[in-house]
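Report on one structure; see the data block that follows.
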Amino acid sequence: MEEDWDLEISLGDQFQKQVNIQPTVNSNPEYRDTPQSYRPTRGGFNSDRPRTYNRSTQDRSRHQPNGWDNNSSSSLRPGRGRGRGSALERPHQGSRQRSDRFGNETEETDGSENVVITVPSQMVGRIIGRQGSKIRELQETSGATIQVERNSSGEDTEVTISGDPSAVQTAKQLIDDLTKPREYSSSRGDNSYGSSYRNSSRDQRPNRTTDNWGGDTQGNAEGSTGGSTEQMSITNDHVNKLSGRNMFRIKEIESGCGVKLKIWHEYSDGYNTTVDITGSTESIAKAKEMINNLLNPSFGRGGFMDSDRTNIDWDALNKAAKERELARWADAVPIIKDFYHENPQIAAMTPEEIEDAREKLGVIVKDQIEEGSSTRKIPNPIQTFEDAFQDYPDILREMKKQKFEKPSPIQCQGWPVALKGYDLIGIAQTGSGKTLAFLLPGLIHIDLQPTPRAQRGGPNVLVLSPTRELALQIESEVRKYSYKGIKCVCVYGGGDRRKQIDVVTKGVEIIIATPGRLNDLIQNQFVNVESVTMLVLDEADRMLDMGFEPQILKILLDVRPDRQTIMTSATWPPGVRRLSQKYMKDPIFVNVGSLDLSACHSVTQLVDFVEEEEKKDRLMDFIENMSETDKVLVFVGRKVTAENLSCDMFMADINVQCIHGNREQYDREQALDDFRTGYARILIATDVASRGLDIVDITHVLNYDCPNHIEEYVHRVGRTGRAG
């Protein structure tokens, strides 16, 4: 059904009664088929088109602030008008009233003029504005009534302007300014502020003065401040900065300088936006200075410069911050970090022997000590467990229980560096034994600190991990080594928070945590990390990929600066380098193999090309031919795939477990436990298990769905053939 829209009606200066004609649905079929024609007329109306009325030029905002909004809550008494809830209480002076053939009352204003103009349809939005704000401004400024055709479907739309000739002419000029592009004197991309623009031959809008123009940044007409209007251009990137939150900056400049500002968003050319400044000459100059200083702090070079502006001495601030940090930790008890006594045979190695040993191990060692600092000797690589832990027989006994034959390459060079107390960056591929590289030195570090454990007030070793599975895996590895009664706890999101708090408050020496849950416990004062003397960032590259850097930095604010820091990673991206430069002190870089990510070379890799619909049958054939000692980890790309495969196998009486991000933490832990113990020899998992899943007896890793990135493939392959 057709809707008939009328704008507000002003009934004369004597009455100031406002009528809001709302859309009325006319069910008359004849009326619906009647076209709405718009032809220039003078002193009357065509009954087949919407009515227009002469408007009062006085401010209507006090009567009806939302005149264009057809849901306005202005107080109107029911009457005879066609709009619902509208009333035509008294006609305009000098007008006559009549009814059309549909019984609708119309009003003809003597001496008024109706003019129809056409504008491009894509420009109609500029005329109406948001919720009718622009069309109200145009009517209030010109004193004319403006009505836009609503049912136009062509390239042009008709706009009817009604009122006295001068008002109609003013309205036409304003609409012409809105719908025609402006040429700026400054070229595109010009970042200079205060540049003016000129009117082109198509832009005939006269220079505005505050005699008949004004307005805030929302396009609402306001009173004049006196003086003239000048214009300046700013880049679109700085519009929000000039406006401020809730127009705070605009209001601040207007009140401080005694001017009125208007940002012409609709005149933006894609690069620059025009700003009108209305006021006295001195006020405008002051406002321009404030705007330039706000948008371009370096504008003072050759331009306006705020005499009160002070330059920030960042060097002095950084120096003061370091002094405050030193003062905070001045009373802290010194810590011991050097626990290494080099085996005489290892110490007697010649440079050629050292180089040959590192070459066989595939180890690259680099000292990251700052230039100008005193040189230091990098510990030589060891060859046996006794070379590293000859002074710690309890550690050796625990190592023998695990039946390790010899240290891995990262352990051969990493243990001497960590036991010596140096900061260590360990870069090695997944499955290379990085966990033990920091774990065993950490146990010795805790035991030999000078402060008794009961007086330390918190943990000594803090291990940050990107995922809960990896954190639980590290905790499981720690529990394998019973050393001097050292206790540990794993805190992670999704676990029993109350239980974790109970364990932490009773006192532990090692905390393995994910950054989110640890920050929660620190903020609620359940954990005090000021006692931490050894910090481990495990899988640092993954933590940065997951967006944990802000949380890590927040944790490190409360950790003493003279700590020992160990960082492990499978890759060496720029983010990890930046983190090491900022929070590590003269670290020693130990890299095993290539810096580029590559799969574990001890794993045989086979590729079987099958069609998508044949993958499930191929998987079931493989499972049917498994031996009793085989243990298979199947990686899939989607959680629903993991659920479907596990359900199908369960229905086929196959012991299988499933792990993915949507499962509850208890179920995930139970699935991993069943897989470790052999109760279920098949585990179907998404990439949530591709890192840190340390199950030594995995015989096969199947990629049911290929990963999206080669990095994930490498981490999947690394789940087998692991060395701790």
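Backbone N, Cα and C define each Cβ position, glycine as well.
Annotated in TrEMBL:
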COMPBIAS  13-39  compositional bias 'Polar residues'
COMPBIAS  87-104  compositional bias 'Basic and acidic residues'
COMPBIAS  140-151  compositional bias 'Polar residues'
COMPBIAS  174-185  compositional bias 'Basic and acidic residues'
COMPBIAS  186-199  compositional bias 'Low complexity'
COMPBIAS  218-233  compositional bias 'Polar residues'
DOMAIN    415-590  domain 'Helicase ATP-binding'
DOMAIN    602-724  domain 'Helicase C-terminal'
REGION    1-115  region 'Disordered'
REGION    138-233  region 'Disordered'
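For the domain 'Helicase C-terminal' (602-724), the DSSP-based tally of helix, strand and coil residues reads 50 helix, 16 strand, 57 coil.
Summarised by DSSP class, the composition of the compositional bias 'Polar residues' (140-151) is 3 helix, 4 strand, 5 coil. Each residue in the domain 'Helicase C-terminal' (602-724) has a pLDDT score, and their mean in this model is 82.
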